[in-house]
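Step one of this worksheet: look at the structure below.
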Amino acid sequence: MPIDWDELKVVAAQVQTDLDAVGLDFHVDYASVYDMWTTKLADVKDEPTKPAAWYTQGADYWEDEVNCPPDVGGVLGGYGYISPVDIEGSLSFLDRVQALRPEFTRSHAIDCGGGIGRVVKHLLLPHFQTVDLLEQSPRLLKAAPRYIGKDKSRVRQLLCMGMQDFDPAPMSYDLIWCQWVCPHLMDVDFITFLQRCQRALRPGGVICIKENIIVDGSPYEVDEEDSSLTRSTAYYKSIFRQAGLKILTEERQTGFPEELYPVMSYALY
């Protein structure tokens with residue numbers, strides 16, 4: 001879809017206001033959030049029908065087997081050994097969600113940006129009746145059934161598309177899980193994705209976002225290699241508010257190596 005520059009300006013201005021309010025008003029490379037996005041999207045400013053390099057470069061990065069072998073180490077950037085700790089933390093977070101939201105049921109879930117199915121296999125299938133997997137890389141998606149193994153028959157759909165194009169049916173999921181993938185979404189697409197997901201929730205359902213966050217005093221950090229944006233907590237919360245979502249609970253992952261970004265989980269509804 002062509003970029004709605006007017007909407008981008010409105011969204012970026014609100015994010016900037018929310019960052020300013022908590023003292024995250026300075027970035028070393030960009031004068032404002034809007035300046036950052038207009039710089040990153042300059043390739044499509046005068047060519048509205050052209051796919052944004054922000055998305056094509058990101059897709060190319062993950063489709064390249066050199067960058068991402070189709071195994072746990074590959075999808076976790078060489079940190080495959082943290083997967084058990086990550087899954088344990090996610091299970092604990094879902095238990096917390098259940099305690100705070102008794103009407104939350106565990107029938108049908110989807111993992112967005114699910115790669116080869118790591119989260120599907122170890123977190124979702126053991127606790128949900130059926131699961132969908134959304135992944136834009138055909139190469140990684142092709143590897144998913146073999147990785148998932150014996151329970152692959154309970155994976156209802158393998159969906160090959162980016163989150164910016166995902167439009168789920170209303171009231172179709174109890175849980176929509178998004179982990180280490182939201183930084184690839186532009187702000188406007190992130191907001192509209194969340195709004196579509198909110199409509200797709202069944203009664204008691206939640207959207208869980210689990211992502212790296214910036215805590216060093218910078219509002220965000222752009223990764224040019226894979227076209228991603230690591231956001232601060234204030235940045236994420238601005239996006240959630242603009243999408244019309246409420247935070248049920250949030251939690252910081254423990255047990256990860258110190259050299260990694262801190263990771264936060266948010267349950268939204």
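Glycine residues also receive a Cβ, built from the backbone N, Cα and C atoms like all the rest.
Of the listed candidates (Gln129, Gln157, Gln179), TrEMBL assigns Gln179 to the same S-adenosyl-L-methionine site as Gly113, Arg118, Met163, Gln164. In the structure as shown, the Cβ atom of Gln179 (S-adenosyl-L-methionine binding site) sits within 10 Å of 22 other Cβ atoms. Each of the binding-site residues Gly113, Arg118, Met163, Gln164 was ranked by the number of other C-beta atoms within 10 Å, and first place falls to Gly113.
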